Amino acid sequence: MDLLAAGQATSNDIPWNITVPLGIIGALLSLPAWIFFIRGAAQIFTTIRLGQPALKRTDNPAGRLMNLIKEIVGHTKMAKKPGVAIAHWLVMVGFLLGSMVWFEAYIQIFDPEGGWPIIGDWGLYHFVDELLGLGTVLGIIALIIIRQKIGDKDKKARFYGSNSKAAYFVEAVVLIEGLGMILVKSSKIATFASYEGGHVATDFFTMQVAKILPESPLLVSIFALIKLLSGMIWLFIVGQNVKWGVAWHRFMAFFNIFLKRNSDGRNALGAAKPMTSKGRVLTMENADPETDKIGAGTIDDFTWKGWMDFTSCTECGRCQEQCPAWNTAKPLSPKLLITALRDNAIESAPYLKAAKAEGARGAGMFSGDTAVLDDPAMDAHADMPLLQLVASGEQGVIDPDILWSCTNCGACVEQCPVDIEHIDHIVDMRRYQVLVDSEFPTELGGLFKNMETKGNPWGQNNNKRSEWIEAAKADGIDIPVYGQDIENFDDTEYLFWVGCAGVYDDNATKTTRAVADLLYTAGVKFAVLGEGEGCTGDSARRAGNEFLFQMMAEQNIEVLDDAFEGVPPKQRKIVVTCAHCFNTLRNEYPEMGGNYDVVHHTQLLNKLIREGRLEPVNSPQAGRQVTYHDPCFLGRHNKVFEAPRELIGASGANLVEMERNRNTGFCCGAGGARMWMEEHIGERINLNRTDEALATGSDTIAVGCPFCKTMMNDGVNNRQSDIEDKSERTQVVDIAQMFRESILVDGELPAAKEPEFLVAPERGWVDEEKLAREEAERKAEEEAKRRAEEEKKRKAEQKAAEDAKKKETAAAGAAAAGAAGVAAGAGAPGAPGAPAAPGAPAAPAAPKAPSAPAAPGAPQAPSAGAPAAPGAPAAPGAPQAPSAGAPAAPGAPAAPGAPVAPGAPQAPSAGAPAAPGAPAAPGAPAAPAKEEPSREESTAATTPTAPAAAETTSDGKIKLGATAPAAPGAPSTPGAPATPSAPAAPAAPAAPSAPVAPAAPAAPSAPVAPAASAATETPEAPSAEKSEPATPSAPAKSSASTEGGVIKLGAMTPGAPGASAPAAPSAPAAAPAAPAQDEAPAEDEAPAEAQAPAAPETPKAPAPAAPGAPVAPPAPAAPAAEEAPVEDNTPTQEQGQSQAKTEGGIIKITPNVPGAPGTPGAPNA
């Protein structure tokens, strides 16, 4: 056969007996490959779903889609390395569109001449097939060469630490796939006459390859089978290795880019991600430590977008290559950080899924909660791999030194081709370390405390903010201060935000003064806040102290909004010199309602130059070599690159760029709160950057941030320490200082221009949204009050109905008991000195004494039968239990001559125990009927007794109660003290006519005649329970305190029920006498409510708290009626709420520790 001749074969020449079995074999082998791949994809999907809810990831879908197309088609994130970008683009397109050619192999194995119906014969399809195959082969070969050239052995190589095995596997399969596309097409041209030897326009390369291939339909099927099976091997292997980001990023990158933080396509730079939990932003007011995620302490604390980031990493190492920490021998590599989190996430996912299915939280199983592991259902998951994210050695996923080495410079985020948000994850882990674990570098403790107590990181007094202003005024530079020189911004255009460094750092103060001089000279209408300004909180937030940042931001926003009152947001202009203040005011304060137009001083100065308000008149910088260091938070985070360079040019200097500049600029080492921490590992970052600046041979290093100025100046002094004359050293100056020199005339500033607005002002603006928000809040508050009143009314009506029902029940019972009493003991006189029934113990040390007086609070009325013995002293050693709750009704009527039924048991006084063994007088005759006074008279005549003391019971609980006021005209017998062990509580009112048994203390509630049921009841006084408390309880809200400068949220330990005791409910209206021979029942045997004969009911009164009443030793108590809680004027924290406290400047959230049940709050004195 002539190998150079065009193919002549037709479908009749195809060996179907071979190609069909090959096709079946290929199809069958592909089935397990697809199964394993789909299973792996499902595993990744379900794993990502384990993450917490994330904020705003699907808003503006059109904008997100456009950005996705731009990044994928344009390869914009990879364009920083053009050669790599082109090669990768070819491979990417070969994968995306080549999959269509790859699936065609299913057909080509069976039918070597076949292909896709309709489109398979199009010239366009042949042309695309040609480009895809050729592009894939060339692109992957280039990438393999690049990987080999860079290597993975050198720590500074971007592939160091990457999974080279997975990378080589993927590259090999891609190469085979590309060759398969070329060889199948070439063999078809060489074999079949229908291809006519190929066409130059569509088969320009494969037709040349066809010339060296034989005419063989079987060869076409074999090439197609190889193409198919190589892809199947890829699916099979990758499906079982979900950690292979170099393979899975082909799928994950699309989702990760589409769901990036900013829907407009901007990188996750500028503002730090807010701290969130359950899909909402956490603040000190709404954070609940029991249920909310405070930062990220274990892998399941990250949001699902974090989990997607971890699984999307392709391990290209671009972030590692640019990281200032990694390049100065620190342990932090952004790539290795993400891959470590990914590996931990994948390993933890099965256990978290199992725990979720079984109703337990996975993290609890891994963090020492062994009680969960004791559950037999969890035996299969006892060996849990979920670790603390940050801990030394094998105890954590990453080492603390890794976490705290980050400067938040943003180089990793800027470089990442799949839009991983490294800084967000680092800040979240820092938040957990600071707010929950209180584990952070010692230097930060002082920082937090200074910021909290002094309002600035330097810990200086606020009055120092005025010193530079006074010095400027002394030099003739007018610096208006809001609140002193001006009261509003009606005639002011810019607020000059000086920043902390601008007043507390001597080097930065020079920048402050230079900017103020230039603004004054240009006639800009500006003002400063002076001592009203505070730190923006950037360092606190970047260090993880989110609540301290929020506290400082809220204070500043309040001050700024007050200053800008009446100014629309677009004209609330602020100019700053600090890149960190610039980023915080511009990007982070809007999240908290502070919307301002923030510009860097280099931007405003450029504007003034363009408008002719500042004119360089000399060139002291002419011919001077100047290199410029891009501050990370000005350049990379906010893309301000041109303004500083234009200003340098305007000053007359010659700009010499460092090798790493603009987006690839190298950090000075001060960001991410590193300004306040020492570097103990590796080379100092500022020295690395200083070396690069000095290598340009420049005389001056220009900066645009006070932090950068400090770090670069320190680096120069270190590197040029051998030059004793500092003026001979390379100078580090702010661009504003350089430009100020260029406008001087004979060493003096030129005459200032007439102050005027640069843009026509708009004033008198009203914040309609704020007013609407306040109105909505007001309406919501009114609605809440209305509902509370309705609920209160409903409860009062329900209580009244319950009380009425109880009275009806009591009256019915009393009538029945009274009838029985009349039948059993009518006319039986009381036997004075009746002994106790056998077995009933007598009161300790209570000898009999004739004619014991009546109990105070239960005065005797004249009895028709047996009057009490007047003047009889109380039995020594048997003190009288105080009556509690309500005064006795004086003159309560009873049926004349109707004796008390001997079997009617007496309801014990609420909380007042009867003397043990003190029997009631059996058959005591009732008092004669007497007209009952009105409610008003009874109340007016009542004299309250001393408040009851708090009683401590044998089980350690405290009871609060109050004695009832004594009835008028019936004082207690002198010398009969109240029993100290009896807690005061409302008592059932006693009938005034009840005689007392001699030689024993009288029972607190005296018996009444059965006939009294017919008497009209007096109106009931309002229950103490219904009375309003003197001081309302504290609302359920978190509050803040500090410990060591870190603000924490926590909770007061709530008192047990009864801590803020409500007023006492009233005792039953009347109680029958106790059986003559029965011992007073124990407290726990007391009936819930005693039934009483229908005695006239007396008014009830709330019992006052007992000031300083001594606690008596416990004594056997009579069963208590419903106890009267004492009104407590001390505000209490609602149970179950969290409260914040500060420990050394860190605001922490800690949950409530509930008090022991039944432990009341301390009574008022």
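The backbone N, Cα and C atoms fix where each Cβ goes, glycine too.
Predicted, not measured: the structure shown is a model, and the values here were computed from it.
Here is what TrEMBL records for this protein:
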- 20-42: transmembrane segment (TRANSMEM)
- 84-103: transmembrane segment (TRANSMEM)
- 123-146: transmembrane segment (TRANSMEM)
- 218-238: transmembrane segment (TRANSMEM)
- 304-335: domain '4Fe-4S ferredoxin-type' (DOMAIN)
- 394-426: domain '4Fe-4S ferredoxin-type' (DOMAIN)
- 782-806: region 'Disordered' (REGION)
- 823-928: compositional bias 'Low complexity' (COMPBIAS)
- 823-1165: region 'Disordered' (REGION)
- 929-938: compositional bias 'Basic and acidic residues' (COMPBIAS)
- 939-953: compositional bias 'Low complexity' (COMPBIAS)
- 962-1022: compositional bias 'Low complexity' (COMPBIAS)
- 1029-1043: compositional bias 'Low complexity' (COMPBIAS)
- 1053-1079: compositional bias 'Low complexity' (COMPBIAS)
- 1088-1098: compositional bias 'Low complexity' (COMPBIAS)
- 1150-1165: compositional bias 'Low complexity' (COMPBIAS)
Using DSSP, tally how many residues of the region 'Disordered' (782-806) sit in helix, strand and coil. 25 helix, 0 strand, 0 coil
Relative to the transmembrane segment (218-238), the stretch among 20-42, 84-103, 123-146 with the most Cβ pairs under 8 Å is 20-42
Using DSSP, tally how many residues of the domain '4Fe-4S ferredoxin-type' (394-426) sit in helix, strand and coil. 17 helix, 3 strand, 13 coil
If you run through the domain '4Fe-4S ferredoxin-type' (304-335) with DSSP, how many residues end up as helix, strand and coil? 19 helix, 0 strand, 13 coil
